[in-house]
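One structure below.
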Amino acid sequence: TMLPGDLGLVLKSRAKHHAIAALLNKPYVFEDRPLVVQYEVNFQDGIDCGGAYIKLLSDSPSLDLEQFHDRTPYTIMFGPDKCGEDYKLHFIFRHKSPINGDFEEKHAKRPDTDLRKVYSDKKTHLYTLVLNPDNSYEMFIDQSSVSKGSLLTDVVPPVNPPKEIDDPKDTKPEDWDERAKIPDPEAVKPDDWDEDAPAMVPDPTAMKPEGWLDDEPEFVPDPTAEKPEDWDEEMDGEWEPPQVSNPACQTAPGCGEWKTPVINNPKYKGKWKAPLIDNPNYQGVWSPRKIQNPDYFEDLEPYKMASFKAVGLELWSMTSDIYFDNFLITADKEVADRWAADSWGLKKLVASANEPGVFSQLALAAEERPWLWVVYALTVGLPVGLAVLFCWPKKADNDYIYKKIDPPKTQDVEEDEEDDDEEEEQDKGEEEDGESGQV
């Protein structure tokens, strides 16, 4: 996400070489002050194979930016580069030998940080290199340190060559013996050592299982198969039914010719070799003698590199639409930080505000990888199912339903009820008699 009205430099074509450069107001001379190099890169379509590094072009009377190419002398090369699964953040400087004036590239050690996300998230990232007069250096991505070290100890090849080197004219003597061990010349092969004994022999204890059907083949023609109607014997040859397992062998231990299984030969020893002993003539591993290195020097201030007066991009990429912006060369890290806050920092805020929520990001990821829906379902459904299974209330074992019945009565109460019943019957009888008399 870019800021409204903000412009950048975009590499538009893939599988081509590109070059563009601009002069500084004045050459940058390495003195007793730091160097800070900073710029922004956005791999808007990701990156397959290609670089996005910048070059600080050396100050030279012959420097012609119209003729800028891959062999134009540079002082420092810095920035991201990727091909295949090799993710790099280059910091290379060209060091001049004080002996013969030759330049040699020195490569800083690789960052310990995993750069995959930075190169694939399609966001604008800030790359910063800081060089100090004490020969220390540090690289930052998005203002977080990813690598630091010393120009004297953490570059390959080393700035200072070794004091001694192998003598290129020295050769190993023809009779030089580098064998630490040799076959014992006094050893003799034992008389009972049989080199011709086979490694495997038939098992003498094996016996053919009872019921083995020697005369039955393991496979027989399929009796249910029929020759296809369109079979042409002149074109297709004689038709033969397909083979199927012999039904007679299903109940037998085996069919066909029985062969004795083989086992390791207990008498097998293989080819005899004499045992090894210490070589009495061993002279060690030969190495050429050392001589003084004629190109030796000691440069304790590699920071003082060749001055530069232009910044350039000289790139080849299999990916298009690589975005560059806000190139900065300064001697003050605080200036670079303030500049970053006013440019890259604002872009970061705008990008964060426009980022989709967590659920939207999950949905977008599943659009590219539909199998993620299964992962989401398991991730959400499994805990819910387990929670229901273990937390749902269960019926207690003694939770029975009782039928309501009349409470038990004592014997006295039962007798009183019987007396009451008799009295009621007598009263009914008297009433009936009275009614009869009146009639």
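Cβ from N, Cα, C; glycine included.
Not measured: the values here are computed from a predicted model.
Straight from TrEMBL, the features:
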- Cys49-Cys83: disulfide bond (DISULFID)
- 152-248: region 'Disordered' (REGION)
- 163-191: compositional bias 'Basic and acidic residues' (COMPBIAS)
- 229-239: compositional bias 'Acidic residues' (COMPBIAS)
- 371-392: transmembrane segment (TRANSMEM)
- 405-439: region 'Disordered' (REGION)
- 413-439: compositional bias 'Acidic residues' (COMPBIAS)
- Note on the structure: Within 10 angstroms of the C-beta of Cys49 (disulfide bond), the count of other C-beta atoms across all shown chains comes to 15
- By DSSP, how many residues in the compositional bias 'Basic and acidic residues' (163-191) are helix, how many strand, and how many coil? 0 helix, 6 strand, 23 coil
- Query: Which residue counts does DSSP yield for the region 'Disordered' (152-248) in the helix, strand and coil classes, in that order?
  - Reply: 6 helix, 18 strand, 73 coil
